Amino acid sequence: MDTKIGAVDSFQPTSNDMGCLPQNGVVSTIQISSVPSTAIVNSAEATLGRHIARRLVQIGATDVFSVPGDFNLTLLDHLIAEPGLNLIGCCNELNAGYAADGYARRRGVGACVVTFTVGGLSVLNAIAGAYSENLPLICIVGGPNTNDYGTNRILHHTIGLPDFSQELRCFQTVTCYQAVVTNLEDAHEQIDTAISTSLKESKPVYISISCNLPAIPHPTFSHEPVPFSLSPKLTNQMGLEAAVEATAEFLNKAVKPVMVGGPKLRVAKACEAFVELADASGYALAVMPSAKGLVPEQHPHFIGTYWGAVSTAFCAEIVESADAYLFAGPIFNDYSSVGYSLLLKKEKAIIVQPDRVVIANGPAFGCILMKDFLKALAKRLKRNITAYENYHRIYVPEGHPLKCEPKEALRVNILFEHIQKMLSGDTAVIAETGDSWFNCQKLKLPEGCGYEFQMQYGSIGWSVGATLGYAQAAPDKRVIACIGDGSFQVTAQDVSTMLRCEQKTIIFLINNGGYTIEVEIHDGPYNVIKNWNYTGLVDAIHNGEGKCWTTKVRCEEELIEAIETATGAKKDCLCFIEVIVHKDDTSKELLEWGSRVSAANSRPPNPQ
């Protein structure tokens, strides 16, 4: 059955938010408004610009993040004119792209609009990150006047050559489809193909619109856009039966099998099916770090995060000692494998990717959707709780950090002990690249609590824009962002946009004087940054406009007071809490992980 994008009943898994399922698993929806397919009475509205606006509203991207430039101004006029669309001006293109990324994680699709080349190349890094994380994102660029193509003219915002394809060539490697719209005859087809491809492939697309086209009426835009009907990918039934039979035989012979969820559960829309398999099989259940939040941590057989040497206590021992493990949607890179140090054996592994199953060193089966495979496998596995029983036997409850002396300098582990108490189904956590990766991994997510971070691409500064976008997409949640000082210095400006949008985010700015994650990989004077008066900066950005509250905390007593204020008297404000900690106060996991990644980075060249 086709998935109709635009229909009220269209659902797709898109977010690490566990509140979107009736029971277990993680599925969010592309929040779509129903758009009636009726003729447009006013022919002045039958324009390319209004068509794009209607399409964005229809697919659920009702907030669009933009930076104006002379090549996109007319297009922005038409986006503003669309009643259901909210245009959000960002401070720079990079943050606009990060905001669209964060928005897509919650809504299922995001969009940004920038200008030609200077804007396009600025947003490119964010688009690459969205590509790496399999997020549908519509990147629209205002392009040159149609009359300038094919001439020998040199335009501003270019590198001084009459070839205007530089921007397009850059985007070709980080988007799944590119459309350069330079005439109205095929504009409708190009735009719709680009947007539908993004939704089908769960990747960003690039659309360049010549600056003189958005305002011109054309017959192809004379009707409201008909909702997309996306043909679903189908499983090869013979291959599915063979793969399930081979996998069931492999796992049913195992003594203590386990299952581990990976980040591609999201793009495969298989979170619910994965939990169904866990329920049926009784296997011990873990997640890779970048899949945190995709699987409900309240599941009775959940044993934590599998991250090699920096796993949740007792989790790695159970996974790596298993005689069979099923990995659903894994990404094994140098970071997730802790410098390639995982103690896993290929001959014990079932690797299930979104459209492929590989069994140990043996057969591989293609054209099999992960969701279909996991559901079918759940009916064929013998129940086996041995691995979870082993975990239960060796498990020792976590201790608590040493209590602080009165007015003692605040420690990071005390900070996160208090952040843990703030979490509920009405909150969402955004973890910045850095030590927050490791500290936030240790948070136990209540049912419904959202969780996002960018592990594959790992771009510092991502979280400021992503927090803006996620909070805009989820007004029902209070976002708690954990951001290091080094990362904040990259993208700080768009706290301004959060205030303009009246967001109520709580930002914990962890001020330890530098790039701590890089210190633990390879130290040097370049990892020390100029200290800012961060609360003073945010106060200056606030400038008396909007609701904002800032404070600095240096000890536990001040932290407790700050959290009480942020969740009480200032709950309707954007709250910025600068937490001042020692430069060497890091998680033990970062110390271990950093040394192993450093060893991987410093391997000598292979002999020639």
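Counting begins at 1 with the first residue displayed.
Glycine residues also receive a Cβ, built from the backbone N, Cα and C atoms like all the rest.
Cβ neighbour count for Asn512 (Mg(2+) binding site) (all protein chains, 10 Å cutoff from its Cβ): 21. Marked as Mg(2+) binding site by TrEMBL: Asp485, Asn512, Gly514.
Positions annotated as domain 'Thiamine pyrophosphate enzyme N-terminal TPP-binding' by TrEMBL: 47-152.
In the predicted model, residues of the domain 'Thiamine pyrophosphate enzyme central' (244-361) average a pLDDT of 97. The feature domain 'Thiamine pyrophosphate enzyme central' is assigned by TrEMBL to 244-361.
Per TrEMBL, the feature domain 'Thiamine pyrophosphate enzyme TPP-binding' maps to 454-579. With DSSP classes pooled into helix, strand and coil, the tally for the domain 'Thiamine pyrophosphate enzyme TPP-binding' (454-579) is 58 helix, 28 strand, 40 coil.
Apart from the site residues Asp485, Asn512, Gly514, the chain places the Cβ of Gly484, Gly486, Ile510, Asn511, Gly513, Tyr515, Thr516, Ile529, Lys583 no farther than 8 Å from the centroid of the site's Cβ atoms, the recorded Mg(2+) location. The number of other CB atoms found within 10 A of the CB of Gly514 (Mg(2+) binding site), across every protein chain shown, is 20. Long-range Cβ contacts of Asp485 (Mg(2+) binding site) within its own chain (separation 6+, distance under 8 Å): Leu509, Ile510, Asn511, Asn512, Gly513, Gly514, Ile529, Asn531, Trp532, Tyr534.
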